[in-house]
Every structure is written in C-alpha cells, then in structure tokens.
Amino acid sequence: MEELEQSPESYTEHGVEIFKIGLFLFILIVLIFLMALFGNLSMIHLIFLDTQLHTPMYFLLSQLSIIDLNYISTIVPKMVSNYFLGKKSISFIGCGVQSFLFLTLAVAEALLLTSMAYDHYVAICFPLHYPIHMSKRVCVLMIIGSWTMALQIPYCQSRAINHFLCDIPAMLTLALFVSTTLFLVLPFIGIACSYGQVLLVVHHMHSPEGRKKANSTCSTHLTVVTFYYAPFVYTYLHPRSLRSPTEDKVLAVFYTILTPMLNPIIYSLRNREVMGALRRVIQRICAVKNVGRAFCMCSQDLDTSSCISVQ
C-alpha cells in the first residue's frame, strides 16, 4: 500500500479554508443574533407604545419576544467568546447554567404557544365571551403559570429507575421522558385541539372578511408553532440510531438561533395590525421631529430679530 504524503503547503491551504469557513459562519451568526435582538426589541417597544396593541394576544406576543431574546442570548454570546478566545470548552457550572436556562426557556415557550392558541380559539369560537375568558387577570395567570411550570423538573409519581443507585443517565432518562411528555406532547395536543375547533368554525363562517382575518391570524401562529415543534420532534422523538450528530447540530442551530430571529419577522410581515401600528409609531416619531425642527427654527428667528432690534 502506498502512503499518501501531503506537503506543508497543502496543510496550510486546508487550514486557511477552515479559517475562512469559520469566519464566515461567525459573521453570519453574529448578524442573525443582531437581527434577532433588533426584531424582538422592536416588537416589544411597538406593543408598549401603540395602545391598539394593548390586548391579551399582543401581550402574549411580547412575552414570546422576551423569551426569544433570552433564548438566543444563552447560546450565541458563549459561541462568540469561544471563537475569539480559540476555545472549545465550557465549565461545569457554565454548562449547568446554560442547560437550565435553555430547558426553562424552551418549556416556557411551549406553554406560551399553547396559551396563544387558546387565545385564538376563544377569539374565533367564542368572540362574545372573549373579554371574560381572556381578561387581564387570566392573561397574567397564563404568563405566571408558563414561567412557574417551566422552572419545575417533573418526575413520575413512582420515581422508580432501573438502576441500583441514582446514576445520572438513569435519572436523565426518567426526567427527559416525563419532560418530553408533559412539555412537548401535551402542549402540542392542546394546540392541535384548539386549532381543530377553530378550523371547524372558520369553515362554517359565511363572512369572507371574517374568514380571511381568521385564516391570517391563525396561519401566522401556526407557522411559528411549526418552526418551534418540527426540530424538537425530529431531535427528541426520532431514534438516535437513525440520525447523526451533524443533523442534531444543524437542527439545534435552527431552533436556538434562527427561530428567535424569524418569529418577529413572521408576526410583523403577516400581521396587518402590527404593520399598522408600526406605521403609526413612525408617523408619530416623524411628527415629533417636525415639531422639534419648527421649534428650533422659530427660536432662531426670535434670536435674529432680537439681535436686529438691539443694533
């Protein structure tokens, strides 16, 4: 067998190519991170500034933006620091904190998406009862419940594991199975049932405008739900023997980095109320600037006239 010898120049060229690819991915991830920060912060400020968006649906949407901000902030800053420092490691405490924040935010987002589905269900199926079923108190309780349940690590009632000691793999198997069932499967069933009822009601609607508005509202939320659940379903419910670590990494990039960037874009481009609120806020800012310029011009004119009179 002949040995393949490679010259130092080939190693150097290979290293330069890897460096270029790494630099390109680094710049791309940083740009996505900045877009996610700008989009979610803009969504939060827009909902806060425009009074027409002070409704339960948009209050829940602002909470989704807050979760997405924290979600991407638990991943990207560590990636950026590792790239700059040339490290590929994380401390034990850092790994624990990152895992805790990641799982907590993932569970909170799943429960929040379920709450948003319930909001759409009540708004379309029971519009006259909407102020009662989705009052401010109910909305606040939904938010508190989502965060409180996300902080809990569930175990089954028997708490029985197939081991002679509390070994980490056995405990993780127990916790992950129950967590997946409670916080991925059950919320998904709730969302599916809510939208099943919504589709029936929309199908029997006689008003084309009402049907169009309902379809627009539901399609936006269903797009976000699909982007959230599809990678999780493939990653956590697909047998590990049928997927590679590279696939897991690609899917992890999708639901930890891309999804927080895409959510505000989806809700802004496909929502007339958000676009209308954005136009009103921009017009208000322009009006304030015009008033400020007019005031400055008037003050300059007064100063000039006073100087002429003194002379």
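Cβ atoms are placed via backbone N, Cα and C, with glycine included.
A TrEMBL annotation is a machine prediction, not a hand-curated record.
Per TrEMBL, the feature transmembrane segment maps to 18-38 (among others). Here the transmembrane segment (18-38) has long-range neighbours at 68-69, 72, 76, 79-80, 83, 257-258, 260-261, 264, meaning same-chain residues at least 6 beyond its ends whose C-beta is under 8 angstroms from one of its own.
The domain 'G-protein coupled receptors family 1 profile' annotation in TrEMBL covers 39-267.
Look at TrEMBL and you will find 58-76 (among others) tagged as transmembrane segment. Same-chain residues lying 6+ beyond the ends of the transmembrane segment (58-76) with a Cβ under 8 Å from its Cβ atoms: 29-30, 33, 36-37, 40-41, 43-44, 47-48, 98, 101-102, 105-106, 108-109, 112-113, 115-116, 119, 139, 142-143, 146, 224, 256-257, 259-261, 263-264, 267, 273.
Annotation source TrEMBL lists transmembrane segment at 96-118 (among others). Counting same-chain residues at least six beyond the ends of the transmembrane segment (96-118), those with a Cβ under 8 angstroms from any Cβ of the stretch are 57, 60-61, 63-64, 67-68, 70-71, 74-75, 78, 90, 142-143, 145-147, 149-151, 179, 183-184, 187-188, 190-191, 194-195, 221, 224-225, 228, 232, 256.
Feature annotation from TrEMBL assigns transmembrane segment to 175-202 (among others).
For 214-230 (among others), the entry in TrEMBL reads transmembrane segment. Here the transmembrane segment (214-230) has Cβ contacts under 8 Å with residues 64, 109-110, 113, 116-117, 120, 123-124, 184, 188, 191, 195, 198, 201-202, 205, 254-255, 259, 262-263, 266-267, 270-272 of the same chain, all six or more residues outside its ends.
The transmembrane segment annotation in TrEMBL covers 250-269 (among others).
Averaged across the domain 'G-protein coupled receptors family 1 profile' (39-267), pLDDT for the predicted model comes to 79.
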